Amino acid sequence: MFIPSLATAIPQITSDFHSLNDIGWYGSSYLIAQMALLPTCGRFYAFYNIKWMYCSSLIIFELGSVVSAVAPNSVALIIGRAISGIGAAGIVSGTTTILSYCVALKTQAKISPIVLGMYSIGSAIGPLVGGSITDSKTLTWRFVFWINLPFGAVGLALVWFALRNPPPAVKGGLPWIQKIRQLDIPGATLLLGATSCLNLALQWGGIVYPWSNAKVFGCLIGFGLLTIVFLYLQFRFKESSTVPLRIFRSRTVSAACAFMMLVQVAMVLQSYFWPIYFQSVRNTSARDSGINMLPMIVSNSIGTVCAGWIASMYGHYVPLMWVGAPVLTVGGGLYQLVRPDSPRGQWIGFQILSGIGYGICSQMPILAVQVVLGKPDIPTGLVMVMFFQVLGGALAPSVGQNIFTDKLLRNLMEVEGVDAAAVVAAGGREFRDMVPPQLLDAVVDGFNSALRNVFWVAVVAPAIAWAVSWAMEWRQLPDSKRTIAQAPDADLEKSAGVPATEDSKKKKKIGAPGTEDLEK
């Protein structure tokens, strides 16, 4: 519920902090932190108590919400979002790990839509709650963050008392120093730094500074150097690295990661910039903006549930990727027809197409990697898919902001009597108070034209994803229960780069039920 509710509050936040140029950071800071720490958190769940890890992640997420709620300026808000992103990394990886421990793959295809349906219910309520809170003179947008605390407390209690604690994938015999080494903290730090440098370059380049400016150029150089060092460490440490490159030898894993990243770029762009259209172009309230987002959110939920049941019934997931990505592409492309006075039915229909398209295809890569990988590699494969999903979501707001601001400034410079820089600084809603009434229509058209440029990215990304999906292996979901908890200890220790113990070797000789079929 939190992310959709924040999206409807962003235009007002930019007006209060005079920070239209920071739109990208409100999403990217959260997603970059989540992305960089996802692999590390996945390893935490392999080595430490799942319940403690999950509850700790919830607490960190709530701490970030408090920091954001009391933020005196835009920078503090961004820091709070980053802290929440750290907690979200543990929550996301923990949820998927727990599900893969306990549920067979075909059953996962049925249960995952239910879990995502709960997320969609929160997504449907979120814009309404966020919009109503933002429009309230008493509560203000800060309560979008405060409201997380009671929900987080309830979630913490439910997890603590209801979560069954399956054994970790690697038994507790490892010395703590080996566990620390397996976490690859240097790799996570380098990845965080590299992504932050790229994000800064994308947000500054051509907007705040020219692309030739030393600051922008320095960020690009920093991104390149940090990436090179990061890749070197991945090759050197192999199984203990943040991103084990070995699993990408499977073309399904590589295609699944690329597919997930590309469709996520399209969906995050639409989620962040449709509210800008409603509030900046159509001059609706934050609450009404949240209501207007419901077609995409509800259709996403419906598409996810239907796709899950179809995959479970027929056992095939690749065709759903072939169908979903083109539908998402069409939904993004139709935004080019949207105008400030477009009829309601038009933008509702376009959102429905995007939501259904994303819902149909977005969960299939998660099923795919569990089919093609051996049991010891499944946790790593799942984390990699989520890693690239969040990477797409982290870069999308920055790319969108750069395109939007660049086009908006150029549009406003063509309107005589308007201070383009002042309009951008005023934010997504307050600019109407400073623009002369006779020039307001031209400025609004400038906003809408800039948004159309952003939505071209939401066309290209899923179109490329559709092409990538043809690299997927044609495999079928197995009927047998395939959980990580059943994996022999020796295999699991081998996947972590740890010598097998005598006990695990004996277990390997005996074999786990069904292991032979799965290895085949």
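Yeah, the Cβs are placed from backbone N, Cα and C, and that goes for glycine too.
Confidence over the domain 'Major facilitator superfamily (MFS) profile' (1-477), given as mean pLDDT on the 0 to 100 scale, stands at 82. Look at TrEMBL and you will find 1-477 tagged as domain 'Major facilitator superfamily (MFS) profile'.
Sequence annotations record features per position, and here TrEMBL assigns transmembrane segment to 23-46 (among others).
Taken from TrEMBL, the feature transmembrane segment applies to 58-79 (among others). Residues of the same chain lying 6 or more positions beyond the ends of the transmembrane segment (58-79) and with a Cβ under 8 Å from any Cβ of it are 2, 13, 17, 19, 22, 25-26, 29, 85-88, 90-91, 142-143, 145-146, 148-149, 152, 155-156, 159.
What TrEMBL lists as transmembrane segment is 85-104 (among others).
Annotated transmembrane segment per TrEMBL: 111-131 (among others), in sequence order.
Among the features that TrEMBL reports, transmembrane segment is placed at 143-163 (among others).
According to TrEMBL, the transmembrane segment annotation covers 214-233 (among others).
What TrEMBL records for 253-273 (among others) is transmembrane segment.
Sequence annotations record features per position, and here TrEMBL assigns transmembrane segment to 293-310 (among others).
Taken from TrEMBL, the feature transmembrane segment covers 317-335 (among others).
Residues or ranges marked as transmembrane segment by TrEMBL: 347-369 (among others). Remote same-chain partners of the transmembrane segment (347-369), defined as residues 6 or more beyond its termini with a Cβ less than 8 Å from a stretch Cβ, comprise 96, 105, 108-109, 112-113, 116, 252-253, 256-257, 259-260, 263-264, 266-267, 270, 274, 277, 292-293, 295-308, 311, 317-318, 320-321, 323-332, 334-335, 337-338, 378, 381-382, 384-385, 458, 462, 465, 469, 472-473, 475, 477.
Taken from TrEMBL, the feature transmembrane segment covers 381-404 (among others).
Same-chain residues lying 6+ beyond the ends of the transmembrane segment (454-472) with a Cβ under 8 Å from its Cβ atoms: 251-252, 254-256, 258-259, 262-263, 265-267, 269-270, 273, 318, 321-322, 325-326, 328-329, 331-333, 335-336, 354, 357, 361, 368, 392, 396, 399-400, 403-404. Annotated transmembrane segment per TrEMBL: 454-472 (among others), in sequence order.
Residues or ranges marked as region 'Disordered' by TrEMBL: 484-520.
With a threshold of 8 Å between CB atoms, the same-chain residues lying at least 6 positions outside the transmembrane segment (214-233) that come near it are 184, 186-187, 190-191, 193-195, 197-198, 200-201, 204-205, 241-242. Using a Cβ-Cβ cut-off under 8 Å and counting only residues 6 or more beyond its ends in the same chain, the transmembrane segment (317-335) has close neighbours at 109, 259, 263, 266-267, 269-270, 303, 307, 310-311, 349-362, 364-365, 367-368, 451-452, 455, 458-459, 462-463, 465-466, 469-470, 472, 474-475, 477.
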